[in-house]
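Colleague: Can you keep this structure in mind? I'll have questions shortly.
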Amino acid sequence: MGKSSKDKRDVYYRMAKEQGWRARSAFKLMQVDEEFNLLEGVTKAVDLCAAPGSWSQVLSKKLVKNQKETEEAKIVAVDLQAMAPLPGVIQLQGDITKQSTADQIISFFDGEKADIVVCDGAPDVTGLHDMDEYIQAQLLLAALNITTHVLRPGGSFVAKIFRGKDMTLLYTQLKIFFPKVTCSKPRSSRNSSIEAFIVCQDYTPPKDYVPNMGDPLLDLAPTDAQGRSNRTIAPFIACGDLSGFDSDMTYALPDSGSEDYKVLAPVQMPITAPYLSAIEKKRKGFFNDQMSKK
Amino acid sequence: MTAHPLQRMVPVHSTTPVTALAYHDADILLSGQGPYLKAIRVSTADTLACIHLGGDWKVHRIVLANVQRIGATSEARLFLAFGAKSLRIMRLTVLRSGSGEGPKLYFQHLWNVPHMKDWILDAQWLWPKADLQGEFPTTRSSLNPAPTKPPTSIAIGYAHNFVEVFDLPQDPFSIPHQQNDLSQDDDLHDFRLSFSVQSEEHCTLFCGRFHNNTLEDLWFASGTVFCHALLWKVHHGTGVEAPVAMSLIGHEGILFGIRWSDNGKAVCTVSDDRTIRVWDITNPGKILHTTHFGHTARVWDCQIIGTYLVSISEDASCRVWRNPLLTDLSDKDDMSDCLACWEGHEGKSAWSVAVSDNAVVATGGGDGGIHLWRLDSIVSGSTDAEQNTKDIDLPDTPTYYPNITPQEKEFIRDFVITSNTQSVYGTNTGYILIRDDESETWSTLYNSPLLKNYVTMESSRCGRIVVAGCLTGKLVVLSVRNEFVPLIADTLDGIKIQFIFLLDGAGEDDFTIAVFRANCTVGVFRLCISTASSTATCTYLCDLKLPNSNKAIHAAFYSPRYNLLLLGSRSGTVLVYNLNHLSTVDRGTDTERAVLDSIVQLERCHGLDSVSSILMVTELGEGFEGKDRIIVYTTGRDGSWTKYRFLGLPDGEVIGAGTTTEEEDDDEENDKDDFEDDSDVIGASAGGDTQGRMRSPSPNDQENGTEIVLQKIYSSKITKGWLEQVFLMDGELLLLGFFNKKLFVYNESKHFELRSFARELTAGSELFQNAKLQNNFHGREVRHLRFLGEAQPLTEGAPAPIITASGGEDCRLRLFQYIPYKTQNSCTALRPLCNLKPRFGAAIRCLEWSYTDTAHSYLLFTGGAIESMRAWQVTLSIANSYQVQVVQDHLGRAIPEHTPLSLGCLELAQCPHASETLETRIMDLSVFRLAGHPGKHFVASVYSDGASRVWLFDETSKNFVLAINSNYHNKCILQVAHVKFSEGGILMFTAATDGNITVWDLTHALDAFLARYTADAGARPVHAQRPFIGKSKKMASKYYVQNLTKPIAEISAVHMSGVNSMCVRDLGSEGILVVSGGDDNALAVSLVKTVWSPESRTIHALSADMIARDNNAHGSAIQAVSIISPSEVVTTSQDQMISLWRVGISAETSAAALVKQESQFVHVPDPSTMDILPASEDETRHSVAIAGIGVQIFQVGP
């Protein structure tokens, strides 16, 4: 699919390029923030699974406004992969399941803790839905685990979730640490996507809770069909301006011949794919001894 | 699983991805799909046992233990079935009577280990060391030498890289054998956790695999997301955490699968990087590995089986590779020793694979199908031309031509192969020599000065006859077996013969010869052999009239049954000549010569490239309404093959209603025409370039009143090279071609390239009858499914057949017959009828049925991506074997069984575009007819660019005409529904991503449209005069269109965001019930009260209000709602639950109570659509189908 075709299909993709965001997901964090005012007064933030960096961009833009003379805004962005530098963002290449990563993040805050932790990470989906949801939950729990090390009491945590069959399990688990947990779907996230964001506010760890990266937070509740219907369902909020753009709608582009419309290149090219070697071989004709179906 | 006595919703069928396979023995295959565990007999494709494992998990893996012998002929097999965080210990008992009857099987559930700590990646049976002698292979079904004692423990490996060992509470061999359902009240106290260890590497794994069957020797291989494989010993002795003994580093992506070789000296890993790597770990200090490229998507699993590797991938193929461990790994770089690539599954992913002890590979697909392949069909050694070809030199010339002069040069001019061991050569000196290829000896068949300096040869298919063509236009007919004396025949003109086609006739001694002369003319002759008199006679029949543009003929086929001659030309034309018309040919002044004209001329069959072969097949009684189906296949040098249907031949199918069909009949082995993803054409529309036009119809044909037409029904490009030959072998379509200087043979029926066709073709099928062990469903997400609600019985007294239509991301339209309670299990009730992928296919988002006045003829409308909307005609007819049988359903009641029917599906029309943006999607459809307007179907459609439109589909003109247009919504519209009043009043309901429901009165607009349309009988062109600038797409004419600007009512904020599903029902005086399910997890009930004024033909809304809402109806977005009765609603959601709700509307207050009655888990991931069908006369029972990735059907009882 060409870039302009994606422009038509997805208005937020086009707007992200126009406004200089590294990914359309920037709008999701902005719309969640509009609804929950999460970034009000915040000066210290952690962005987990940050690449390509659009959420760090949003944080950077908002936090700069909040900084006071005495207190500079500080954003730590963590990802397994390297990310292009962003002004005002401290970058850390590391694994969020590791104690050392937690320690490094804390060290950047000079003994203080973060006001907010965000995580827009998603695993490679395999197509086996139960497996994908499980892995996504593990990613979120790893983010939660590191959050318990770096978040100040009263702080907030925002993470991507898949609204699949086991979402209520995660909700139960998050409620242990946050009295206020809401499932939120920004309008910039497509209606057809099962992605949503869990917004956890007012961090209140259980008494005597000692953060421990050595022990993964395994999800607690049993999986059985009978118990399913009785589970607590996370309150849902759709956020973003209803009169704003609709991510599912097909918008006509300005006339492609006119000067007003140019097909823009993405702000940040995608991170390398694991199958590059395979693609490279294909280009060199490695597969040509096969019949070469069209 | 037996239904809970109070449960009203009972799951009765499901087809979901096959995620686990294991062979009990060579004839019994265990499969796990969704919650079901099945035992299938490989030889007969019968399902012998099926059990629902309960819970909300699917079977990810089956792990076999040893066999327990019962008496002389029977046995039992313990096994584990696990998925997600659940694990069950099961036993399969196989009772063999020994009387030649098939085995009787049942499953027994021994123990439930319901909630494990973490996601299970692998499980292993453990024995005390003393009970095991020798090696214990972990990957295969045969355990040799098999332990005779029962296992005592199980080890479980988890996704967080730790292992637990549980002791079995009791000797499993001592438990009496009996069939049981799952016991829900398991006592777990005796399941003692005897050992537990965490790997020192704390990480999340995608895969893991045990090796060895004693705790002392147990190893675990972990596949990490950080591209490494870690091997560690479980029982390591010291410390809390087990150290990693070996790290296998090299992959460039996440590891999705890991397996040990049987002896534990090698490990095979597969990854996101699309490679397979085989690691030799014999020397931990120097680990060598090979890398295998070839799969075109992520690889899920690979196992080492003897001399092969067998892998499965997201590309839906199963590949076989040479086992690199058998050679020196140290000098290997990147390898692609791929020996076979088996592509039988549709859509995405082959998820499971098992190899039997006699080398039958079973693969399970994301499409829910199971395919069988034969590993022993792969000849080891490559099929490179150099290795398998041999130069043949003529013997010394004087040995057969003693008087050769020095001026004469001798070489081979042409040759033919007459049998596997014999070939015949024409030489420059006019000799025809026979070579016995086994003894490599030569003999002279014939020689003549006629054949000097030029010869073109052809042999009969039987190999008995060789015909040689001369420079002087003579034909020399020779018997290889000396059955008749050589015959020299004249071909009329004395012009050089360029090609000869020697075609089989009616009897084994009859042949038809077509010669292509150097002056571009074709002569046809009949050759008859008389072995009694040792003579051959060659009779001139006629010349054939060729179109001027044709330079040469490259293919020919003669059909004795119809006396038709088919020719394929170098410039892509297919010509059909009816030799029955010989007597009527006008011979003009030339008394000798007759020139016959073609009855069908079809141009550009393969573009302007050569038609390289033609094959005509008659399937007696297999066509529509029991007529003969006559199929013509062609191949071309454009790399494609085409399938045509011959219509109008005696006893054959005729041109008319519903004649373009593609059936996929699971009962017939030879009709497995799945449509390739890259197919070009299916179900051609009437007329156009897809049909051969009939030229100068003969009086004979006119008498019959039939027209002879060659209708293209399918075409697929297979290669960038040439296709040269098409043939049918054991009912399977094989294609031969060249690419990149290589010869290949492709099995089109099963979709794989024969790497070694000599063996593949002769491989007997004694091991299994049907390579498709289980039929598939869609290979991608299904977006819409609709029952044919008002199907009529095909014969009196029979039940109406239950037909479903479904479409989704795979761009395919599929039709199934649902046969409730077809067998004792609930896994085989969907019978595929048709599988179509239209040209320029687009994902199907929505489809709706409509009804016609013709018996058993229905219309189907599909809509979806790139604004595509099509009308299809679906015609049902009685299959030859139709009979009503009475069977018992699951409650023991006698019900009539639905027996197979025959179905035709014809694409009638494509709707023109109306949106400015090509990417616009059609989100939903609602179809209605109006009294007094027969043959007119109104299709209300809603678009992702915010438009809602009503189209007229006119059965007579087969056109879509834009009737009503509205651009009121400035949001992507998700749902549309309608309610019909008497006297032609129509209400339309639309709902978009903004959560509002809008109500429209269409009556006036429709009246105005119909007045205008009927006034000129729809004479205006349906397409706009001026094509859309810069686009080639056809835009709809807006001549008749009525604009709709203002709704009569709007219910605001019914949902916070998208209204994903909406269902309406007219409750009469109470109003119109609107039930909607939202992306916001909420279920809402609204009531619209209206009044119809007959004078002004308008509908006024009295009120339109939301009267009830449950904000937490589901744990995730609601995907579908259905009203099953005025007081009951069924919903399903992304949370994979189906819920039954009671809606109680209070007459006084118009408020409603919404109460959930019951809920159940749905074993269909990503459920996107639901439909209901009354299953009893009084409509107290309903069938509910939910589809997404797979399909599940529930019965909802009173």
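A Cβ is built for glycine as well, from the same backbone N, Cα and C atoms used for every other residue.
It should be emphasised that the depicted structure is a prediction, and the values quoted were computed from it without experimental measurement.
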Colleague: Since TrEMBL lists A:Gly53, A:Trp55, A:Asp79, A:Asp120 for S-adenosyl-L-methionine, which candidate among A:Asp95, A:Asp103, A:Asp130, A:Asp132 does it give for that site as well?
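Modeller: When TrEMBL describes the S-adenosyl-L-methionine site, the candidate it includes is A:Asp95.
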Colleague: What's the most sparsely packed of the binding-site residues A:Asp79, A:Asp95, A:Asp120, counting other C-beta atoms within 10 A?
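Modeller: Minimum Cβ neighbour count within 10 Å, taken over the binding-site residues A:Asp79, A:Asp95, A:Asp120, occurs at A:Asp95.
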Colleague: Can you tell me how many other Cβ atoms are located within 10 Å of the Cβ belonging to A:Trp55 (S-adenosyl-L-methionine binding site)?
Modeller: 28
Colleague: 10 Å Cβ neighbour count around A:Gly53 (S-adenosyl-L-methionine binding site)?
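Modeller: The answer is 25.
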Colleague: Where does the mean pLDDT land for the domain 'Ribosomal RNA methyltransferase FtsJ' (A:21-203)?
Modeller: 87
Colleague: Using Cβ-Cβ distances, find the residues under 8 Å from A:Lys160 (active site, proton acceptor) that belong to the same chain and are at least 6 apart in sequence, listing them in sequence order.
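Modeller: Listed in sequence order: A:Cys119, A:Asp120, A:Gly121, A:Ala122, A:Gln136, A:Leu140, A:Glu195, A:Ala196, A:Phe197, A:Ile198.
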Colleague: Which secondary structure state does DSSP assign to A:Trp55 (S-adenosyl-L-methionine binding site), in the simple three-class scheme?
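Modeller: In the DSSP reduction, A:Trp55 (S-adenosyl-L-methionine binding site) maps to helix.
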Colleague: List nothing but the largest Cα to Cα distance in Å, as a whole number, among the residues A:Gly53, A:Trp55, A:Asp79, A:Asp95, A:Asp120 that the record says bind S-adenosyl-L-methionine.
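Modeller: Looking at A:Gly53, A:Trp55, A:Asp79, A:Asp95, A:Asp120 as a set, their Cα atoms extend up to 18 Å apart.
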